[in-house]
Amino acid sequence: MSLLTRTRRPLARLGTAAVLGGLALSAILPTAVAAPAPPAVQVVVVGTTGVQWEDVSPEATPALWELAGRGAVGSTVVRNVRSSTCPAEGWLSLSAGTRSGDTTYEYPEDAEDRCRVLDEPSGRADAAVPAWDAYVTSARDGQYDAVPGTLGDILAEAGLTTAAFGPGAAIALAGSAGQVPSWAPVDDALTPALVDRLAAADVVVVDAGTVRGETAAERARGVAAVDSVVADVLDALETSATQPLVLFSSLADSARAPRLQVAAAVGPLTPGRDAAGLLDSASTRQPGYVLGYDLTRTIVDRAAPGTTSTASHRFDGSPLRADGTAASLAARVEGLRDDALRSVVVRTAVSPFYVLFTVANILLQVVVSLGIARATRSSAEDGKDSDVGGYPLRWLRAVRTAGLALAALPTATYLANLVPWWRSPVPNLTVTAVVSAIVGAVVALCLLPAVRRRPLGPLTVVTALTAVVLAVDVALGARLQLTSLMGTQALVAGRFYGFNNTAFTLFATSTVLLAAIAATPLVARGRRRTAAVVVALIGLVAVVLDGLPSIGADFGGPPALVPGFAVLVLLVLGVRLTWRRVLAVLAAGAVTVSLFAVLDWLRPEGERTHLGAFVQTVLDGGLWGVVSRKLSQNASNLVGTPFTLIAVGAAVLVYLGVRRAGGRLEAPLKLVARELPVLGAGLIALLVVQTIAFALNDSGIIIPAIAATLALPLVVATFGRVAEVSAADRPGQNASSAR
């Protein structure tokens, strides 16, 4: 069989698999179909800032407790352009439908509160919002293409009447020119004024006030004032002739430390169904979690259904929805308080963990590098082997154990969330103990005689565990990743579902290595075609799990995974790589991710993930804004993260592992590649995956660095075992040393 024929067949099979996968996905994913718009409903929004679930109780906030008891509840993630969100920024996000900051405000140097105090508009009709020009400037200078006034413009374009009460509400309902059609203050006459406006307005927004400060007394006074306004709103709603949708949300933090905020919805949240249970949205897919700007989309969808305004494409949020669970309000609130506690406690543990994680990886790299250099000098000078294949036996076993422990650590941080360690009086100590116990159990399993005798035994255990844990977690909603040491942090408002960049690179690394492991015995028996099929099947499963919008929803993953697995298939078949073949597999990756994105875009707008949203952004001409933001973040990560040190150390270690040798000492990676050639091919494929992922994702250098924290310790552990076995097979070597 000619080399050309051998090449065409695997590439043709890959192309066929891609087409079949696309057809299958098109059958699985629902597409948007024309449907009559649901009837419009009146929407009443009660907004505030700084109110957390720990503030809410039947005694302290009777009105808010009553409101929450009538519908669905959740926690609002208010993260904006900075780590903590000021009141103006929360209201601006509601107005713009995306993150929008107040970054031009210059607070006094001696000010304890660094947030702008919201001033009331002058006048009642077409009143000008104070500081509007500053808000617009901040949005224009920001990275999120925010346009303050978008909500007001859409409602006006739809011919709807609005009414704003309080300064924050004025920001929310103002048009892009900074004028709010109807405004009134929140004062003692609020109830009769609301009754009057509820009879005429389609959308009513009330600013219930601001809770600022960190002391209990300050918070208690502010929360009581907010509850008083909620009571006035409830009194006014009693006179309403219709059943409006009532949305309550705290839109900003109370101090510099970010916290989850209160959210509630009462009434027809979705057509024909009142809100009940826990809130969520397509933005989070996590029960009990919503984003502040999800309210913007909800207001438009319920008050102006079927709107054709192109301005709504600026929104990043999704409509609120409720799961309808029948748990009592007290039980639901207790669960939300637990979520809030975990988000705060984990935040204090993440930085120390990453410091230790980075130091441990760099220390392993240094120890292995020094060991290679020392053994190289010894072998070059003595011209003979020292302990095992030129490397000290104790050193080999020590780095093997250390490598296994470090490689098991990422998965252990996810599994630790199966235990409610954050409720402990000493949470950091508790999570350390839990993670250590899991790591110890994995290492013990790897060192069992039946496992460690096989050169790839420990590697199989760790990669399989990592891949399975991440795949199952993502398929079940990514609950282990959410607010974990190495997972997504709810307070940051990044990814709440699917594969975030850290999870992706761990999953990609483990699946590529696992595919190489699975192919190794088949190639050894000369069954290369079967091995290629096994690799392709593992790759197909990995790509589908990573890229399917309903599971992994990862935009940057498939274009890296497809070329990586394609390269591994070709290497397993014994096909030599050329530039044409490399370009072909890169094109396959681009086609795959485009397919995922377009299929997601074909779904109804409220059900799309960020894949479909990206397609819409491209159609709206916003591609450059997304690209420039990712490039900026990628560049800043090169110098702004300790993971750069891990990546540099990994590069040095790889160089030493390939190049350094002396006397009869074989370079470590060359030894591994000679004894386990398919694993060497897997490392090449992994390099392809990580290089592409580095270029495509905004995490930049963090992605290959995280991959190195899993792959390099495993390679070190495998090298230690391979060196022992290789030495034991040599004439005159003490076989007992290879136990």
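Note that Cβ sites are derived from N, Cα and C of the backbone, with glycine treated the same way.
Curation plays no part in TrEMBL annotations; they are all automatic predictions.
Lifted from TrEMBL, the feature list:
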type     : residues : note
SIGNAL   : 1-34     : signal peptide
TRANSMEM : 353-373  : transmembrane segment
TRANSMEM : 402-422  : transmembrane segment
TRANSMEM : 428-448  : transmembrane segment
TRANSMEM : 460-482  : transmembrane segment
TRANSMEM : 502-524  : transmembrane segment
TRANSMEM : 531-551  : transmembrane segment
TRANSMEM : 557-575  : transmembrane segment
TRANSMEM : 582-602  : transmembrane segment
TRANSMEM : 638-658  : transmembrane segment
TRANSMEM : 678-696  : transmembrane segment
TRANSMEM : 702-723  : transmembrane segment
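The stretch with the most CB contacts under 8 Å to the transmembrane segment (353-373), chosen from 428-448, 460-482, 531-551, 678-696, 702-723, is 702-723. The transmembrane segment (402-422) shares more Cβ pairs under 8 Å with 702-723 than with any other stretch in the list 557-575, 638-658, 702-723. Scored on C-beta pairs under 8 angstroms, the neighbour of the transmembrane segment (557-575) with the top count among 460-482, 502-524, 582-602, 678-696, 702-723 is 678-696. For the transmembrane segment (702-723), the list of distant contacts is 357, 361, 364-365, 368, 388-389, 391, 396-397, 399-407, 409-410, 446, 452, 455-456, 458-459, 462-463, 466, 501-502, 504-506, 508-510, 513, 637, 641, 643-644, 646-647, 650, 653-654, 657, 668-669, 671-672, 675-676, 679, 683, 686, 689-691, 693-694: same-chain residues at least six beyond its ends, Cβ to Cβ under 8 Å. Most Cβ pairs under 8 Å with the transmembrane segment (678-696) belong to 502-524, among the candidate stretches 428-448, 460-482, 502-524. Sequence-distant contacts of the transmembrane segment (502-524) (same chain, six or more residues past either end, CB-CB distance under 8 Å): 410-411, 456, 459-460, 462-464, 466-467, 470-471, 474, 478, 481, 486-487, 530-532, 534-535, 538-539, 541-542, 545-546, 552, 554, 556-557, 560-561, 564-565, 568, 572, 676-679, 681-683, 685-686, 689-690, 693, 699, 702-704, 706-707, 710-711, 714.
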